[in-house]
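Per Swiss-Prot, these features apply:
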DOMAIN    45-225  domain 'UmuC'
BINDING   Asp49, Asp142  Mg(2+) binding site
SITE      Tyr54  site 'Substrate discrimination'
ACT_SITE  Glu143  active site
Amino acid sequence: MIDSAAPPSGFCRDCLKEQAAHSRRCLACGSPRLLRHSELYRLTLAHIDCDAFYASVEKRDNPELADKPVIIGGGKRGVVSTACYIARIHGVRSAMPMFKALEACPQAVVIKPDMEKYVRVGREVRAMMQELTPLVQPLSIDEAFLDLSGTERLHHDPPARTLARFAKRVEQEIGITVSVGLSYCKFLAKVASDLQKPRGFSVIGQAEAADFLKAKPVTLIWGVGKAFAATLERDGIRAIGQLQTMEEADLMRRYGTMGRRLYRLSRGLDERSVEIDGEAKSVSSETTFNDDLARQEDLVAHLRGLSEQVAFRLRKSALAGQTVVLKLKTADFKTRTRNRRLESPTRLADRIFRTGLQLLEKEVDGTKYRLIGIGVSDLVDPDLADPPDLVDPQASRRAAAEDAINRLRDKFGKTSVETGYTFGKGRRGQ
């Protein structure tokens, strides 16, 4: 451990040489990319995020794009999946309708997403992460939390230096860049990784956490989206520092269980650990009936509820799927599996249900079923999901309604809101 009263020690991110306390450039290589912090060698929890991932992969593979604004996305009816940093200077943002993006940056090069390639590169980065520590929690194809506690013996370096070496290796061997956030908890590690993109490495220590957060907007807190931020603003709460002055009981009285999160995260308190999960190949939900069912209306009643469960899990896992899979098991234990690939990925219960219903209608022929399941496969980044549908103008309204329902469920619990398909229906076996 280092003395917090001593001048911050640190190292050069380019050559990894230790640095004098007050030098402004590396004494060995001349680089200005010096990393110093009084807690630098004590912190072990990191968030790693690839910089403008899809666009960076395309620029790597086509050097002619290096100095050009690049947008990854669909056609004019689609939305922006990723924009490189040059395009972002012109105001292009993820999830922006493509026509607006091209109005903001008409000279942009638009590239259709190549998900197979991105997944392949993402797995290369993930494999390098797992060489650092077994405690890797992927959040999406291009980002993850890492807990490097106890890895000093393995790497002969504290986590900060191990992470800097990792970032250099990704850049040299894979050809893209990453940004690193290092802290003592997941919330602030993720916040830190966004502070100096691209090629960033930012540190937030425990001693400075409350002061660092004080002036930040409430939207920085995990789980505070636009709708909930508007609720807080109506109550006169805009900055995290205002939450720091409030009692936990008061926040819980006003905002339910979300109030406890506001109280703790506003103070930099986050005990969540890095969770190891195998990489999901699909997300699904199924139910076995107490009595065999043959009528379409009975099967549909279950299908809708299962679709909502799948959508809920996709949203919580920050995933979307491009192929909808229907599973049926007959009364004599024979399994039927049907699937349909969508034009664009989805994470919406409505699209999952409607596609599943089309598949189900072809299987309702008097056969009795003892089980029904619905799921999605070909999992991708949620930024690619559910572009606006100009052919079906009601699709956007249904999506907006589903988002509103999800926000209510996040605030009051999964069973707080029922749709017309599930309200009053039995849930046997679920």
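Placed from the backbone N, Cα and C atoms, the Cβ positions cover glycine too.
Shown here: features listed in Swiss-Prot, placed on the structure.
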residue	record	Cβ within 10 Å
Asp49	Mg(2+) binding site	21
Tyr54	site 'Substrate discrimination'	31
Asp142	Mg(2+) binding site	25
Glu143	active site	21
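The separation of Tyr54 (site 'Substrate discrimination') from Glu143 (active site), Cα to Cα, is 12 Å. When pLDDT values are averaged over the domain 'UmuC' (45-225), the model yields 94.
On a Cα basis, Tyr54 (site 'Substrate discrimination') lies 9 Å away from Asp142 (Mg(2+) binding site).
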